[in-house]
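Enquirer: One structure follows; several queries about it will come next.
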């Protein structure tokens, strides 16, 4: 009999659902907190971890010494004519990593909490505190300070637009907001509406002696503060350092106000890929349990000697949970930035990966595909004999042939050094990744674990346990969750086939969306099961495999369904594809791929096809049909090699000239596609492709 990693706990309620299942190690009782912890609130948990960590370094970060500007002129084809366009590239000069011990983190947590109370923020849930900032040590310290006073935190992505920011600030009646200096300019308009906000705290001093980027950082922040004061002269503005100093001086007069397990710790707004963001109310009980669930699946594998690098948005539950896991492991958490992970955008210093040398790295599919394609580009630049040697050793490693470990250590050494040289585990979460990408990075760098979860469950659902390592699955149920599958009859998924919509129960699951009873009612069954909206199946070993989201399954003209996210994860693994949105018209048989091309690989192809000569800018030739057809042909080869066929094969592609970023509103901060907006931008081109292939 096949070994089982989850077991049924009870009988199926009816023929339209499977029996509920749990991780086999918690079959009798799911966890409600981390193993070996007695904490019931996030404050208790942080204090417990920091006390245990003592004089060990718990947190590390880099400060910006300067930002260097370089202007370049590129030629771009506009309306059929070549037009010179000037672009500015920014390069960051950073300090080495600065560290703080766990003991010092206790002091800072309390100082910030007392500082907030002293300036007028009320404790014990009476006021809410908004964080609108990029991931940094100051983001986390501010969050911890709020926890020490029972102040619920409202999170918003640093890329959130004005309407979303106003919605989250007004709906929650937040009285204070922490932000980055460079985001202050985004506050003036929202603060006209959000009259409830009385305090603004910015992450760095606004100092006229700050000459970084030729004084632009100071001037931009100063102008933004002046604008805020103009529209809201009643608002009090402080720097992060000022709050700490105020808190230190108030040590003997401001008490700590401890939260209760059932108190809201965080109202986390979903990224809003299809509409107005919903505020997920997560209690201290929920989040502490969530940390326990994820930690359960890797216990004994990650610990105090590990170095965990942090760069994903902290406004995303995936990152917030894993940073608290780092405290639980008593490792050191090193803050980084997507722009400076590699030396590509740094000056006079190493990139964050080479400087910090992490052993554990958490990322999303878009990050890992970028890493993979960057490695492939470097391999393709090698002489022919070197490429042959590389792929020969890779094939040996993939087949676990004796001595392949020694050979791969020598051949892959330089590639591994680009990520710091010490990685033991990498983790993908947030969205699906192709099996090809998981295999490639697992063999080249270290094992890639897979995580799956939702904001509503504190990222708890599945984490692939290292001893159960496999490809193409979402992983093992975490230690806090009970799960079952229910029929989705109209899509052809039935529990009798071990397929259906995935439903959860457990301590991490939230109980409501903030001030949104309609969405809350729709998300839960009458008997309290949370509907994930994801279609899944039980594997023969009792692990979970995600097929797609219900809303991303589209019925085509012949009546069959295609799974958009599944297709995107596979086509995205093609070297010519940086990102892709698969669009399926219900009145057509096959889908169209809307593709953001990988310009480096595309440039090489254009030269090989004789479309351009070396030195020219491939962006000028992006609409050449010969180039698009060649890329589409290669993408179809990728699809067929990974098992796609029939209606899953694209009938054609459209190139999208602009990268999809949260700033231009084409993806969320969690890198989820805003499908309607992407399609709207290229609808005539998509219709042309369909017409040509009908």
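Glycine is no exception: its Cβ is also placed from the backbone N, Cα and C atoms.
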Enquirer: Using Swiss-Prot as the reference, determine which range in 527-576, 577-626, 627-676 is annotated motif 'FACS'.
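Expert: Swiss-Prot lists motif 'FACS' for residues 527-576.
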Enquirer: With Swiss-Prot as the source, identify the stretch among 1-21, 22-42 annotated region 'Disordered'.
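Expert: Spelled out, Swiss-Prot records region 'Disordered' over residues 1-21, not the other listed ranges.
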Enquirer: In the same chain, who gets a Cβ under 8 Å from the region 'Disordered' (1-21) while lying at least 6 residues past its ends?
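Expert: Contacts of the region 'Disordered' (1-21) (Cβ under 8 Å, skipping residues fewer than 6 from its ends): 27, 465, 468, 476-477, 482-487, 494-496, 498, 500, 503, 505, 538, 540-543.
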Enquirer: Average pLDDT across the motif 'FACS' (527-576)?
Expert: 90
Enquirer: Measure from the Cβ of residue 277 (ATP binding site) and count the other Cβ atoms within 10 Å, all protein chains considered.
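Expert: There are 22 of them.
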Enquirer: Using DSSP, what is the helix/strand/coil residue split across the region 'Disordered' (1-21)?
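Expert: Residue counts in helix, strand and coil order: 0 helix, 5 strand, 16 coil.
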Enquirer: Which residue counts does DSSP yield for the motif 'FACS' (527-576) in the helix, strand and coil classes, in that order?
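Expert: In the motif 'FACS' (527-576), the DSSP-based counts are 11 helix, 21 strand, 18 coil.
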Enquirer: Same-chain residues six or more away whose CB lies under 8 A from the CB of residue 269 (ATP binding site)?
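Expert: Within the chain, residue 269 (ATP binding site) has Cβ neighbours under 8 Å at 154, 155, 156, 157, 160, 164, 168, 277, 278, 279, 280, 315.
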